Ligand code: PMP
């Protein structure tokens, strides 16, 4: 049977071991006689799942004690509204600074405009979102409420490989980072951020769970309009149980966290992710048949968009890839071309199979 490799941008591939464990535990979790889906979120069984998931995530990312981990719903796009609703009570008249690096930060800007005065401090629109604007060019506000970054642009394939220092220029504004598509793929210094958020459906688990990691002093500043279920302080005070959390998604995320620990943690994943991404980018740079348009120092290790120079071959490329078990390589409709998403659960063998296929396809179509 052909080995299947799934390059979807999200919902995305999950570790096979995790799916096997979930299947084995589907009808009867640890002798409880219940599926996790059937458990009360306030019962001892689910509480133990929740506590373990939070503890393991805290270990994996070395999240300091003065940060809360919140398990919410609403997705990355929901957070685009939930973030300003939670932070704008702190400095109601201050502008929010955004760095526009692609589709997802663009959506965040539009949403924030409903709740705050937005200052686009830098934009990569002029280079077609192929590079992060140089830090020196950012026109930050001296009294910004916060600075919003999308640290991995899933569609454009642009990733921050640095943490910008914004505190001095902004009067100490916290950085809010949308890490939906690269959280847990690399070691991060959580203390450099005020808020980190992300939808789970790439590197964490199934869709339906949204992760927020927030510094404690940023809690308690919600605008009156903020729904209670999305008020981070209320959610934190209730251990993410103010309303029913997405229990099954949290359970799978917990299994993914355990799997990550067994792989050696985030540093080990990062080394593997560098190896995977280098293999693919090195091949792309070595051929005229395909191209990746992102500046080398900003290339995403998670999402690799690429184009066939002869776009008339796109449909054939996708069909042949699929026939070889290489799935969901079609690029996002807004940019076209192809995109290989190579999250933590994508093994090196998957990228090797992709590069092998691309090489063969190029040689038979040149
Ligand atoms: N931000 C980023 C970086 C994303 O990749 C996505 C989803 N692809 C979103 C936000 C939106 O997330 P959701 O669909 O969970 O609302």
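Cβ from N, Cα, C; glycine included.
Unlike curated records, TrEMBL annotations are generated automatically.
Taking a C-beta cut-off of under 8 angstroms and a sequence separation of 6 or more, residue 42 (L-glutamate binding site) has the following same-chain neighbours: 241. DSSP assigns residue 42 (L-glutamate binding site) to coil in the three-state reduction, outside any helix or strand. For 42, the entry in TrEMBL reads L-glutamate binding site.
Neighbour density for residue 244 (pyridoxal 5'-phosphate binding site): within 10 A of its CB lie 11 other CB atoms from the protein chains shown. TrEMBL lists 104, 154, 178, 201, 243, 244 with the feature pyridoxal 5'-phosphate binding site.
If you look up TrEMBL, you'll see 4-354 marked as domain 'Aminotransferase class V'.
If you look up TrEMBL, you'll see 202 marked as N6-(pyridoxal phosphate)lysine. DSSP assigns residue 202 (N6-(pyridoxal phosphate)lysine) to coil in the three-state reduction, outside any helix or strand.
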Per-residue Cβ crowding (10 Å cut-off), top of binding-site residues 154, 201: 154
Residues among the recorded positions 42, 104, 154, 178, 202, 244 that border ligand 1 - Cβ under 6 angstroms, in sequence order: 104, 154, 178
Whole-number Å value for how far residue 202 (N6-(pyridoxal phosphate)lysine) lies from residue 244 (pyridoxal 5'-phosphate binding site) (Cα to Cα): 22
Cβ contacts of residue 178 (pyridoxal 5'-phosphate binding site) (under 8 Å, same chain, 6 or more positions away): 76, 79, 104, 105, 108, 148, 149, 150, 151, 197, 198
Other C-beta atoms that fall within 10 angstroms of the C-beta of residue 243 (pyridoxal 5'-phosphate binding site): 15
